[in-house]
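Below is one structure, written out as structure tokens; the observations come after it.
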Ligand code: UDX
Ligand code: ADP
């Protein structure tokens with residue numbers, strides 16, 4: 001079959017860019033992206049898109065109103081479509097069975113039930129959200145138990161591998177597209193229909209077809225392995241700080257082995273983002289369910305190491321600042337979980353700033369893209385600061401790095417935004433405006449430490465031993 005109309009349920013970081021690119025690359029296909037969140041849809045229909053992603057505006061503005069539509073009319077879009085992407089959120093459960101590790105599938109289930117209830121013709125239903133292995137089976141059971149007569153649903157798994165900040169280039173030029181299907185005649189036909197959509201712009205040899213369960217598990221596995229590399233280099237960064245080895249040099253030397261490769265070996269204050277931790281915990285939960293405690297413990301350690309890295313950095317800051325940051329002004333540069341995104345989910349900055357607030361520091365924060373309301377939402381936590389007013393007592397959100405650093409005792413670089421590099425910011429000006437001794441902590445290895453030391457800064461860098469002490 002040839003797909004003419006696509007519906008995408010969920011206009012978030014995954015559904016929005018992915019389906020906008022499908023509309024862009026397949027002008028003959030009508031794509032409607034729906035969401036229950038009216039404000040989000042209004043933003044998608046405005047000049048001010050709800051997510052920041054380099055290149056996204058060009059794609060959306062080129063096709064919106066032609067073959068790309070954003071709407072809250074979920075039922076109509078479901079009914080019109082031949083193929084439906086389910087791209088809703090699957091956060092880690094906060095309460096109940098599996099709390100803290102299992103994925104909350106309530107949104108997937110409710111979207112699936114909606115499809116079953118309103119569909120008046122057969123559909124291909126594509127699982128796009130990252131889900132635990134065998135979720136497709138549950139979706140199938142729900143669809144088949146609730147659908148009208150003579151309607152069939154074929155389920156595919158098509159996990160998304162885009163990374164935020166590079167979503168559009170990743171989608172234009174993916175390493176691979178993975179499509180899993182039931183190995184039945186109908187399943188394979190549905191798989192072929194989705195292959196045909198992607199091959200509008202992706203070379204066929206980059207499209208991998210597998211069975212449903214391999215596809216579901218591969219997404220968890222890929223994210224777990226990527227996060228594992230970061231935790232590995234971060235674990236080594238602790239050894240570097242203790243011994244005098246330099247983590248950048250170690251990463252480079254290891255990465256030159258073609259079997260290891262250079263990517264994803266950048267030590268940092270810890271990985272964030274909506275996927276890594278969630279997907280590993282998902283894998284942990286899966287292993288526990290199948291009575292594989294050693295496997296569960298193995299993967300859990302990747303998350304434990306990530307938490308340890310953030311803790312270690314906070315300790316290093318406090319101990320360097322003469323064991324107290326009470327009432328000291330700490331300038332934090334960056335709140336997003338990585339550069340080129342306004343997304344803050346699981347950002348290391350959240351943990352760091354909460355710790356600073358608990359130590360009664362005065363935090364002055366600057367991030368070029370994150371919305372202020374989002375920052376308050378992330379930082380309000382019972383026991384640390386119960387309300388916006390309480391957060392405001394400890395936190396000032398600034399409109400530039402210079403403003404944040406004015407009169408600061410220490411600067412902490414948390415996100416690797418290009419504009420924080422010493423080639424962009426005037427660190428001499430920052431040094432002149434700070435209290436002395438002026439400390440700077442580089443959690444992202446983006447600064448030229450020797451250059452800053454020459455200016456007079458006391459510099460501490462993740463994964464690097466400060467041979468001169470704090471001098
Ligand atoms: C990740 C996967 O890369 C992507 O394939 C998947 O679809 C979703 O999850 P994302 O979370 O958007 O993408 O960003 P990514 O670039 O992977 O970075 C995740 C975190 O790891 C960030 O906090 C980043 O700063 C950190 N990181 C990344 C490091 O600390 N060191 C590195 O070498 C790479
Ligand atoms: P992701 O990063 O996986 O894209 P987001 O949280 O950014 O996740 O986006 C998921 C979107 O899915 C949210 O905007 C949410 O409102 C939407 N959503 C969740 N459940 C439904 C549903 N049943 N119908 C329509 N939209 C939904």
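Keep in mind that glycine also has a Cβ here, set from the backbone N, Cα and C atoms.
A C-beta separation below 8 Å, combined with a sequence spacing of at least six in one chain, links residue 275 (active site, nucleophile) to 130, 223. The feature active site, nucleophile is assigned by TrEMBL to 275.
Summarising the annotation, TrEMBL assigns NAD(+) binding site to 10-15, 35, 40, 88-92, 129-130, 164, 275-278, 345. Here the Cβ of residue 164 (NAD(+) binding site) has 24 other Cβ atoms within 10 Å, regardless of which shown protein chain they belong to. Residue 164 (NAD(+) binding site) falls within neither a helix nor a strand when secondary structure is assigned with DSSP, and so counts as coil.
Within 10 Å of the C-beta of residue 163 (substrate binding site) there are 15 other C-beta atoms, taking all protein chains into account. Positions annotated as substrate binding site by TrEMBL: 160-164, 219-223, 259, 266-272, 337-338, 444.
Residues or ranges marked as domain 'UDP-glucose/GDP-mannose dehydrogenase C-terminal' by TrEMBL: 331-449.
For ligand 1, the nearby binding-site residues are 164, 337; that is, of 13, 164, 220, 277, 337, these have a C-beta under 6 Å from one of its atoms. Within the set of binding-site residues 10, 13, 35, 89, the entry lying nearest in space to residue 163 (substrate binding site) is 13 (CA atoms).
In three-state terms derived from DSSP, residue 220 (substrate binding site) belongs to a helical segment. Taken as a whole, the domain 'UDP-glucose/GDP-mannose dehydrogenase C-terminal' (331-449) shows an average pLDDT of 95 in this prediction.
Proximity of the binding-site residues (89, 164, 223, 337) to ligand 2: a Cβ under 6 Å from the molecule is found for 89.
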